[in-house]
């Protein structure tokens with residue numbers, strides 16, 4: 001008896017979690033129910049019942065089929081349905097008239113033949129990418145309406161009367177639908193996309209920083225506790241966030257397509273460049289692929305000994321922090337829809353540190369290769385040299401690989417910055433307040449702990 | 001006038017391409033039209049018209065809504081629709097009866113209240129992942145049916161009579177739908193998934209091999225022609241195939257979900273482990289991330305000079321070929337649904353070459369570090385040593401990075417092999433013919449050019 005009870009409890013917990021993760025999902029259920037309850041008034045309130053002539057089922061049907069989670073999806077379906085119903089109905093009536101002119105004998109053949117051609121062409125058109133993205137639902141409704149009207153066998157004047165009555169009811173249903181969806185805790189696809197991209201950028205920042213930290217963290221304690229030879233190290237939870245970025249393409253594409261149907265709302269104008277968010281998303285995924293390769297360096301069995309790692313640890317950790325700062329600045333720009341000089345400054349810091357890492361790499365390589373040279377850097381590392389001479393270069397190779405992977409991650413982060421800057425230009429982000437203040441008040445020292453940028457304050 | 005004409009021509013060309021890429025898309029359009037034409041017979045043929053009582057519009061509606069490209073999608077929608085209609089209708093009739101017992105005054109409140117709760121709960125359930133994957137369409141139809149029946153205001157016996165007539169017509173529509181979808185050039189979601197995974201594995205093989213070839217190809221000619229300093233090199237078309245693997249997750253997930261609705265067909269049993277294809281796909285994507293990082297090494301501006309590259313060129317190119325062979329063997333196993341010993345042998349070859357590359361790396365590192373040592377490998381490379389001593393180790397670092405990335409790609413390819421082997425076990429792939437022949441005829445030498453494996457014949 002315990003097993004089924006446990007399973008029910010587990011399912012219940014999972015359902016609760018789905019609601020707790022995003023309470024708007026529960027609100028959505030209530031919104032659909034509210035819209036249906038409003039439609040049902042057309043059955044129970046006498047004047048309303050008389051107005052629709054008992055056709056209120058079309059209002060209910062419209063609400064169930066058209067009501068979606070985001071405003072964009074709701075409008076996409078509603079507008080597609082309306083346009084396709086009108087187009088399909090009008091075309092079918094035209095063909096109906098042509099068929100009626102061709103005599104009783106031929107009429108069925110004309111009607112069935114035209115339906116055959118229309119249905120085949122419309123179904124095929126759903127495979128065309130632009131049609132698929134924008135009018136997939138409309139094509140289905142078009143075929144449906146065309147077939148029902150053209151084959152129904154009604155006389156044209158009957159159809160026109162019926163259509164008039166039904167269209168009124170459908171319009172009422174659609175109006176209720178849009179009103180509830182837009183006015184009661186609306187969920188905008190555009191805003192969802194906006195938040196998703198910014199949040200993923202934060203995850204990418206945390207993962208990049210986390211991977212570098214994991215790489216240079218001391219696994220000795222863990223290994224000693226396990227009492228075995230060093231196994232593949234697990235990544236910290238923070239470092240794993242990039243995996244969500246890898247799989248975000250489908251959500252981004254769908255949200256961007258739906259957002260284009262939305263009217264202007266809040267900070268999002270009617271022609272907000274949602275397509276550019278997809279490009280930012282693509283640049284982030286490109287960056288995430290490299291972080292995956294960096295994570296492989298962390299997990300690899302072949303590790304450079306700690307006494308060699310420590311020569312690059314400081315610079316690498318600093319670069320990881322700068323990289324995370326750049327991505328967090330970019331995410332902050334997207335979130336607040338502002339342009340900030342700090343993004344450029346953070347990127348410059350990152351590039352300077354990347355150059356420093358390249359120099360350190362060269363220096364370490366020279367030390368390993370030739371033992372000593374006259375450069376000041378080599379002098380500084382003099383104590384380390386004798387130690388390093390005894391370790392084969394082979395042991396240092398995993399470190400070199402990890403460092404160059406980190407440099408590649410930085411190069412790809414710059415592409416993310418570029419995409420964010422294009423977004424800022426096309427969406428006309430405003431200048432950030434703190435930049436304006438700084439410009440007005442250049443004499444005063446900039447406070448050391450400026451908000452949102454705890455690591456690198458300029 | 002030329003511009004719009006050009007645009008129409010471009011659109012026409014694009015539409016033609018959509019059909020030419022996969023002619024089954026045009027066949028699908030014709031299939032839908034055929035199913036609709038069969039439905040229209042119920043209007044035009046007198047005995048059939050009498051049989052359905054003029055309700056043939058429900059057959060047409062069913063065909064338009066349920067007919068999908070793959071058999072799995074068609075069955076998913078059809079079965080969801082049937083079950084949800086029955087469940088929603090039965091539940092609504094029950095509630096209707098309860099409401100009728102509660103008196104005329106209370107009835108509307110009981111009906112609207114129960115509809116409110118039912119609609120809110122059902123809509124929310126669509127956010128639960130398992131419901132979303134398997135019953136998303138069913139939940140919509142359930143709400144639709146429940147609302148239409150419970151609010152309609154018909155008496156229960158009227159509803160039962162109406163439902164009986166409509167269900168018959170819907171069943172006819174669904175039958176026509178399934179028959180046309182399954183019997184006329186059927187497209188099976190399971191087979192599509194199968195082919196997609198195998199084709200992506202071939203693309204991965206070509207990309208891995210291509211990237212290594214691009215890395216060691218001589219860019220001097222190109223640079224000389226451009227007359228500029230070496231810019232980022234472009235990948236060959238062959239090497240870019242991995243990008244399609246990166247974006248295949250959505251297709252794989254959707255096909256795997258739909259395939260589970262399909263009956264057994266051809267070599268695919270009813271309980272074919274379609275979920276395992278998703279795992280193979282995940283392993284391939286993991287491998288593709290690393291190939292992306294390897295491609296970045298090819299495109300990087302920092303390149304090791306050719307005279308150092310050549311020391312690892314042979315082994316790296318051989319490893320690239322072995323890696324491609326392994327992936328192609330695995331793809332061949334999936335395609336032909338057989339288990340082949342050659343996969344294990346190819347993997348062993350790849351691992352041996354990977355070990356050889358590790359040794360060469362160590363040897364090259366030692367040469368660079370210490371100039372000379374007593375090992376035979378170093379003796380062989382003696383001519384190169386004096387040359388190498390003059391080049392800083394720094395120049396060799398990009399080569400080391402690329403080589404270790406290649407080794408990581410090989411490690412991840414082994415995970416793909418592991419996933420394919422699990423698939424072979426769970427799906428009970430048969431032993432390949434050539435293995436059986438070899439087992440029967442162990443004395444005879446294995447032909448040097450065995451089919452499908454031109455590089456490594458065992």
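Numbering starts at 1 and runs along the chain as it is shown here.
Quick reminder: no glycine exception, Cβ is built from N, Cα and C everywhere.
In TrEMBL, the feature transmembrane segment is placed on A:32-49, out of the ranges A:14-31, A:32-49. Packing against the transmembrane segment (A:83-100) from elsewhere in the chain are residues 106-107, 110-111, 114, 118, 135, 137-150, 156, 159-160, 163, 167, 170: each is 6 or more residues past its ends and has a CB under 8 Å from a CB in it. Using a cut-off of 8 Å between Cβ atoms, the transmembrane segment (A:167-189) and the transmembrane segment (A:106-128) share fewer than three residue pairs, counting only pairs 6 or more apart in sequence.
When the stretches A:32-49, A:106-128, A:135-155 are ranked by Cβ pairs under 8 Å to the transmembrane segment (A:55-76), first place goes to A:32-49.
Beyond the transmembrane segment (A:32-49), the same-chain residues lying 6 or more positions past its ends with a Cβ under 8 Å from any Cβ of the stretch are 56, 59-60, 63-64, 67, 169, 172-173, 176-177, 180-181, 184.
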